[in-house]
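As written in TrEMBL, here are the features:
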COMPBIAS  1-20  compositional bias 'Basic and acidic residues'
REGION    1-23  region 'Disordered'
TRANSMEM  32-53  transmembrane segment
TRANSMEM  65-87  transmembrane segment
TRANSMEM  155-178  transmembrane segment
TRANSMEM  184-202  transmembrane segment
TRANSMEM  258-281  transmembrane segment
TRANSMEM  301-321  transmembrane segment
TRANSMEM  341-370  transmembrane segment
TRANSMEM  382-402  transmembrane segment
TRANSMEM  414-435  transmembrane segment
TRANSMEM  441-461  transmembrane segment
Amino acid sequence: EKTEKNMGKGKSHDPKDGKRKEKAKMHLKRNIGYVDGVSFIIGSIVGAGIFVSPTGVLKHSLLNIGVALTIWTASGLVSLMGSLCYAERGPALPFSGGEYSHIKRGLGSLPAFVFIWTSTFTKPASNAARALLFAEYATQPFYGICPAPEVLKKCLALAVLWSLGILNGCSVKMAAWVQTVFTLLKMMALSVIAIGGIVLVGGRKESLARFEDAFSSEIPNASQIAEAFFQGLYAYGGWWSLNYMAEEMKNPSRNIPLTVMTAVPAVIVFYLLVNISYLTVLTPKEIVSSVAVAVTWADRVIPSVAWIIPLSVAVSIFGALNSSMFTLGRLSYAGSQSGHLPVLISMLNVHSCTPAPAMIFSTTIASIFIIPSDLITLTNYFGFSAWLMIGLTCASLIVLRYREPHLHRPYKVFLPVPFVMVAMSSFLVLAPIVWSPNLQYVYAFLFMLGSLVVYLPFIHFKLHFAFLDKITCHLQLLLEVSPADESTESKCE
């Protein structure tokens with residue numbers, strides 16, 4: 001008996017068996033380093049926003065240049081404060097899912113489900129807006145002053161969505177490489193605009209006069225300022241992206257805070273220079289009336305090679321879309337692991353260890369949002385719901401500081417900062433509702449409350465249909481996916 005026990009013990013501690021067991025398990029791999037992280041944050045932020053939001057910010061600022069530039073600066077500082085709050089949560093809770101994982105840990109299952117329910121639709125809506133804007137810039141050089149056909153733009157937007165969805169579903173390393181390359185290209189494009197404006201401002205007296213009288217126009221009210229903030233903060237949207245890939249970061253305790261403190265301030269400086277460049281060449285009225293501000297700028301400054309700017313803008317948006325789709329797949333993956341989405345979405349491809357079903361799921365929803373092509377409506381709705389959820393995330397940070405004081409936190413944000421973020425989120429959500437009621441806000445709240453219709457029967461009371469298991473098994477075999485941390489051999493076999 002002793003011999004048999006010893007043999008059993010020896011077998012269980014055999015390092016070769018441990019290696020084989022490790023190889024047989026499925027999990028996300030830590031393939032993302034510091035440079036990749038900076039590329040993902042900058043790539044997520046710099047994209048559609050800087051080419052759409054200057055119009056919205058100026059419009060809601062009542063064409064007041066001083067107010068508009070102040071809002072751009074303030075939006076950047078608010079985004080930096082938010083990113084510092086998130087930088088504490090990432091290393092302390094290095095799980096895929098970003099805000100979702102944090103809200104679930106700090107506030108409970110129901111608020112987390114409201115977040116995943118809302119994000120499942122609003123974040124793909126943002127991706128649809130990016131894809132449509134990419135199609136706008138990519139097709140315009142071929143049509144000159146004539147507008148490109150809507151059907152062509154929508155078909156191109158769908159093609160780009162699915163190309164990136166397949167790329168992110170096949171290889172994390174390839175997606176990270178594409179992100180780094182396109183981030184470099186987009187920063188080169190923005191540098192052309194920023195440097196061009198700096199060179200021109202010194203030689204144009206009318207431009208200098210425009211900035212000297214920056215605050216001479218009418219001052220907007222609180223509701224208009226909130227609407228302008230929505231547009232400005234949309235342009236900075238993406239500063240939270242790194243926490244979605246915390247489970248795949250190399251040395252997250254060091255790299256998450258470091259990448260945030262590198263990337264966000266760099267974007268703030270670039271955004272201010274680009275906006276100054278726009279205002280140097282174009283009047284506020286011209287910017288508001290322009291569909292593609294960067295293209296109008298190029299027609300004035302470099303008319304002989306103006307086609308370079310729309311091409312560069314398309315490249316920039318492509319990189320932002322790649323980063324956004326990467327993080328959205330991780331959100332769906334984390335929600336499914338917690339039982340808030342169908343179990344198939346939490347499975348990984350047996351060959352590449354990527355959340356392929358989650359990528360298919362989020363890309364399909366984004367494709368549906370291509371049909372309504374009103375970019376301003378999409379960005380407003382996204383901004384409204386996003387800041388409500390950011391407020392909940394920062395509130396969960398405060399709750400966990402008191403509930404779990406001994407939780408290991410390699411980096412700690414100054415505690416008043418999350419309180420400021422909660423207050424700012426509350427203002428951005430409530431101000432437009434109080435001063436300028438709009439049906440879109442009613443629809444947004446009704447949509448969030450609609451999550452209870454799904455949560456109570458399927459999550460709280462665990463209502464389950466047996467036929468869904470059969471569908472899951474067939475799809476699992478078709479997609480060659482397996483549950484995370486389990487054998488690669490399918491259970492359905």
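Backbone N, Cα and C define each Cβ position, glycine as well.
Bear in mind that TrEMBL entries carry predicted annotations, made automatically and left uncurated.
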Ranked first among 155-178, 382-402, 414-435 for CB pairs under 8 angstroms with the transmembrane segment (65-87): 414-435
Cβ contacts under 8 Å made by the transmembrane segment (155-178) with residues that lie 6+ beyond its boundaries: 29, 31-32, 36, 39-40, 127-128, 131-132, 134-135, 138-139, 248, 318-319, 321-322, 325-326, 329, 349, 352-356, 359-360, 362-363, 366-367, 370
Beyond the flanks of the transmembrane segment (341-370) by 6 or more, those residues with Cβ under 8 Å of it: 26-29, 116, 120-121, 123-125, 127-129, 131-132, 154, 157-158, 161-162, 164-166, 168-172, 325, 328-333, 335, 378, 468, 472, 475-476, 479-484, 488
